[in-house]
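Trainee: Okay, handing you the structure first.
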Amino acid sequence: MNAYEWIQSVVLFAVLLLAIKPMGSFMAKIFQGDRTFLSRLLVPCESFIYRVCGIDKDEEMGWQQYAWALLLFNLICGVALFFILLLQGVLPLNPQKFPAFSWHLALNTAVSFMTNTNWQNYGGESTASYFTQTFGFAVHNFLSAATGIVVAIATIRGFVRRRVSKIGNFYVDIARCTLYLLLPVSLVFAVFLVSQGVIQNFSGYRTVPLVQATSYLKPKLDATGNALKDPKGNSITETIQVKEVTIPMGPVASQEAIKELGTNGGGFFNANSAHPYENPTPLANVVEVFLMLLIGGSLTYTFGVMAGNTRQGWAILAVMLAILVTAVGTLYWAETSGNPLVAKLGVHGVNMEGKETRFGVAGTSLFTSAATGTSCGAVNAMHDSMTPIGGMIPLSLILLSEVVVGGVGTGLYTMIAFVVISVFIAGLMIGRTPELLGKKIEVREMWMSIITVLTSGILVLIFSGLALVVPSAVSSMANPGAHGLSEVLYAFASMSNNNGSAFAGLNGNTIFYNVTGAIAMFLGRFAPIVASLAMAGSLAQKKFIPASLGTLPTDKIPFALWLTLVILIVGALTFFPALSLGPIVEHLIMLGGK
């Protein structure tokens, strides 16, 4: 790295660490019902919402009631978005006259935004109207993020509370999360992004002539959207000449802020955060990385504050950041090492294919690692154009169940599941009943943790295997061999883990991928949520056990190292065979010069 790249990285993580404590403390106040500096302004709004919706803010729920309320709320929101997409053609704020989504694309997209995945089998600027973007996607960016956060808070309450059956009120939690946390922070950073050049308007698209006409080759597609191929298996192309270009407009800044803050990731434009209207400057790029990591990282401190042991929160954060920094460094090394196949053609240097020159390799490595370590899934470069090892880094971060730092809320409750598993295994090794924060870890907690951790892995392997044998799914693959396998594996890893990023080269807008993807996203989101809430309900009913000489300290460096090892071992045992057939084989082929 040069001096600028070092400064960029160091300043980012330094500012993040400085923000963890105040933001974590602020969130603890929000969810403990304490007054904050926003209370004077927002309490009337909060009370109005409760009054209109008939919510008793003092009535709490058991874990089953909390889970049912969460599922019902999200299903209603998802169905509403589904019909917005089906009726897009007749709804207002559609200056480009975009037609309705097909039923299977509407299903996939509605589930995608409902589950905080933001997987997009469409191009935003060529498919979605301003009404859809604003009242459909942007609204769900807030609500899906809030859903993940409140599940993490409910899980924390399971450790904090003693001999009770209640873990909070879902409706109160999601209202306070949206009002006091997501809306104010998004507003501040939306204004900042506008200052950097991100657009915010409802104007129609603008068509302007090019100074010089250009042409490019475009693959021909059949009626189903799949690439046509000649008898030798090569794609059939046609030459397209371009004399003018249409510049899309739209309310981008307001959606961009919550897209990163809520680790949603769905781009207003097809190019996502590589587009200059979403991410125009290197400073905006670093700030967007900061937003991705802010809430997920700060929730670890919230955990420590609410549990009465802030060192526990710092220990979990240290594990998250250690893996993240390692991923950033490995990705940077892989991309700066270049491609030996290209070097043979006389093109030496770093691999800049698919990257924006305003960000460079360092800015791309930071953004890519943060977006896949969290559940954000935003991209500022083409992941498919990275070297095999470079592409394996974001894939591996997703496959680790996104605990680095993880999505807002999802990262923490998944990491807590890993902590429970680590404590349980360590307890078996030393012959002690496992304990965590004064609560016994027994069979029920272990089962719920296993469901939380392994659900996504099971979905990835089942659906990836299915996609490699179903003819209609195989026809969606534009690349054969190891790279084609990597693309399929990445797609279902991204959907099952609610990430949303993708490798190119795979036509996902088919009935097979839209329907199976919707199933993977739904189960990958809500099975771990229900399991985490069930664990919280079980823990809340247990008595507190004071620490003794035989208690395993979980806030010290040895346990942090043990937790890191468990996370990596679970990921390796689950996915190493698949990675061996995909990016690892592809890397060996590249080194072999083939």
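Yeah, the Cβs are placed from backbone N, Cα and C, and that goes for glycine too.
Pulled these features from Swiss-Prot for this protein:
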| type | residues | note |
| --- | --- | --- |
| TRANSMEM | 11-31 | transmembrane segment |
| TRANSMEM | 67-87 | transmembrane segment |
| TRANSMEM | 136-156 | transmembrane segment |
| TRANSMEM | 179-199 | transmembrane segment |
| TRANSMEM | 286-306 | transmembrane segment |
| TRANSMEM | 314-334 | transmembrane segment |
| TRANSMEM | 411-431 | transmembrane segment |
| TRANSMEM | 450-470 | transmembrane segment |
| TRANSMEM | 517-537 | transmembrane segment |
| TRANSMEM | 559-579 | transmembrane segment |
Trainee: Considering pairs 6 or more residues apart, do the transmembrane segment (11-31) and the transmembrane segment (286-306) have at least three CB pairs under 8 Å?
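Mentor: Contact criterion met.
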Trainee: Counting only pairs 6 or more apart in sequence, are there at least 3 Cβ pairs under 8 Å between the transmembrane segment (517-537) and the transmembrane segment (136-156)?
Mentor: yes
Trainee: Going along the chain, which residues at least six beyond the ends of the transmembrane segment (450-470) come within the CB cut-off of under 8 Å?
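Mentor: Residues 399, 401, 413-414, 417-418, 421, 485, 488-489, 491-493, 496-497, 512-513, 516, 519-520, 523-524, 527-528, 531-532, 535, 570, 574-575, 578.
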Trainee: Sequence-remote contacts (6 or more beyond its ends) of the transmembrane segment (67-87), Cβ cut-off under 8 Å?
Mentor: 61, 100-101, 103, 105-107, 109-111, 113-115, 131-132, 135-137, 139-140, 143-144, 147, 150-151, 170-171, 174, 526, 529-530, 533-534
